[in-house]
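Asks: The following feature annotations were taken from Swiss-Prot:
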- ASP135: active site, proton donor (ACT_SITE)
- 30-31, ASN74, 118-128, 198-202, 308-309: substrate binding site (BINDING)
- TRP31: site 'May be essential to modulate pKa of the D-135 carboxyl group' (SITE)
- ASN74: site 'May be essential to modulate pKa of the D-135 carboxyl group' (SITE)
Amino acid sequence: MAQLIFDEEKVTSVIDRIVKRTFQMDFAWDWPGGVAFYGVAEAYEATENEEYINLLKTWVDEQLEDGLPPLSINGVSIGHTLLFLHKVTGDDVYLETAAEMAEYVLHKAPRFGEGILQHTVNAAEYVFPEQAWADTLMMAGLFMLRIGRVMEREDYFEDGLRQFHGHEDVLQDPVTNLYYHAWDNKAQNHLSGIYWGRANGWAALTMAKALPLIEVTHPSFMIIDGSLRDQLSALVRLQDESGLWHTILDDPDSYLEVSASAGIASALMSSGKLYTKYVQKSLAAILDAVEEDGRVSRVSAGTAVMKNAEGYKQVPYKRIQGWGQGLALTFLADVLKTKKRLYQ
């Protein structure tokens with residue numbers, strides 16, 4: 001397989017434009033910032049641009065002056081940034097705050113079945129009883145694995161694994177190997193039963209990021225690796241000629257969506273050179289989707305589990321979104337990192 005080909009200077013410049021535009025947005029302690037800042041942290045790891053640390057630190061420090069707000073699964077996503085800041089600054093306040101969030105997840109967050117987290121959001125008026133959403137893997141599942149490793153807390157780590165296994169059990173179709181957006185445990189169905197693009201982006205990206213945290217001799221490694229392997233095999237067969245994926249993966253009449261594509265393309269890179277030809281096409285398309293001012297375009301708005309396919313098709317995609325910025329940064333950072341590691 002051919003090596004991934006790219007202009008390192010161009011990719012670095014595009015990353016910088018995205019980061020700068022991201023910090024012209026206003027964020028609360030919620031998932032738009034959580035995903036955006038995850039991407040900024042990844043951008044730092046790839047570029048070592050110290051400005052990115054300062055931007056994140058300034059935002060978090062200002063928020064922490066008021067203490068933690070009431071938490072939800074979506075709000076826990078900021079925990080990724082706290083772990084990053086603890087790593088690069090050594091300041092224990094970030095880890096202590098992240099631990100508070102992990103305690104919320106472990107002991108207070110609503111669950112159902114075999115300990116699967118119910119997806120919860122910051123807005124109290126929106127409640128989804130006993131629903132599992134693929135989004136939770138990014139907001140809380142991966143976070144629990146990461147903090148479990150950092151703090152050597154097996155209970156946190158095992159809960160992270162529980163989320164990956166539980167969400168696979170209820171969301172991954174055993175025939176298509178794609179992930180549904182959500183599962184309703186009360187109704188015992190997948191609601192509208194849609195293979196939503198960003199849901200598959202969340203699942204693929206987080207599994208790819210989870211595997212390096214798990215010992216290869218741990219049974220969970222094989223379970224997650226198998227789920228990801230089969231999902232990626234299905235996803236590459238649905239990639240559009242443009243290099244992007246549709247917001248409804250198996251519906252070519254639905255629009256092409258960039259945040260899902262970035263998450264999927266990043267996950268494809270975890271397989272080394274196996275999927276280089278697909279990643280190469282995605283790279284060109286995602287770079288093209290970044291406006292001159294750093295806005296990542298063609299990113300769908302925050303999406304509840306819609307009632308039908310038409311509902312997903314009507315979700316707007318004209319505005320800047322934190323998750324679009326963050327997922328594009330994550331992908332482009334992974335592209336740059338191929339210069340620093342064995343890619344085979």
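Cβ atoms are placed via backbone N, Cα and C, with glycine included.
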Asks: Rank the recorded positions TRP31, TRP202 by the number of other Cβ atoms within 10 Å of each Cβ, and give the residue at the low end.
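Replies: Lowest Cβ count within 10 Å among the recorded positions (TRP31, TRP202) is TRP31.
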Asks: Near VAL121 (substrate binding site), meaning Cα within 10 Å, which of TRP31, ASN74, ASP135 (recorded positions)?
Replies: TRP31, ASN74
Asks: So of ASP30, ASP135, which of the recorded positions has the fewest other Cβ atoms within 10 Å around its own Cβ?
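Replies: Candidates: the recorded positions ASP30, ASP135. Fewest Cβ atoms within 10 Å: ASP30.
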Asks: Here's one to test understanding: among the recorded positions TRP31, ASN74, ASP135, whose C-alpha is closest in space to the C-alpha of VAL127 (substrate binding site)?
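Replies: With Cα distances computed to VAL127 (substrate binding site), the winner among TRP31, ASN74, ASP135 is ASN74.
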Asks: Pick from VAL121, ALA124, VAL127, ALA199: which of these binding-site residues has the biggest number of other Cβ atoms within 10 Å of its Cβ?
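Replies: Checking each of VAL121, ALA124, VAL127, ALA199, the winner is ALA199.
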Asks: Counting other Cβ atoms within 10 Å of each residue's Cβ, which of the recorded positions ASN74, GLN118 comes out lowest?
Replies: GLN118
Asks: In whole Å, note down how far the CA of ALA199 (substrate binding site) lies from the CA of TRP31 (site 'May be essential to modulate pKa of the D-135 carboxyl group').
Replies: 14
Asks: Of the recorded positions listed here (GLN118, ALA124, ASP135, TRP202), which is spatially closest to ASN74 (site 'May be essential to modulate pKa of the D-135 carboxyl group') when Cα positions are compared?
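Replies: Nearest listed residue in space: ASP135.
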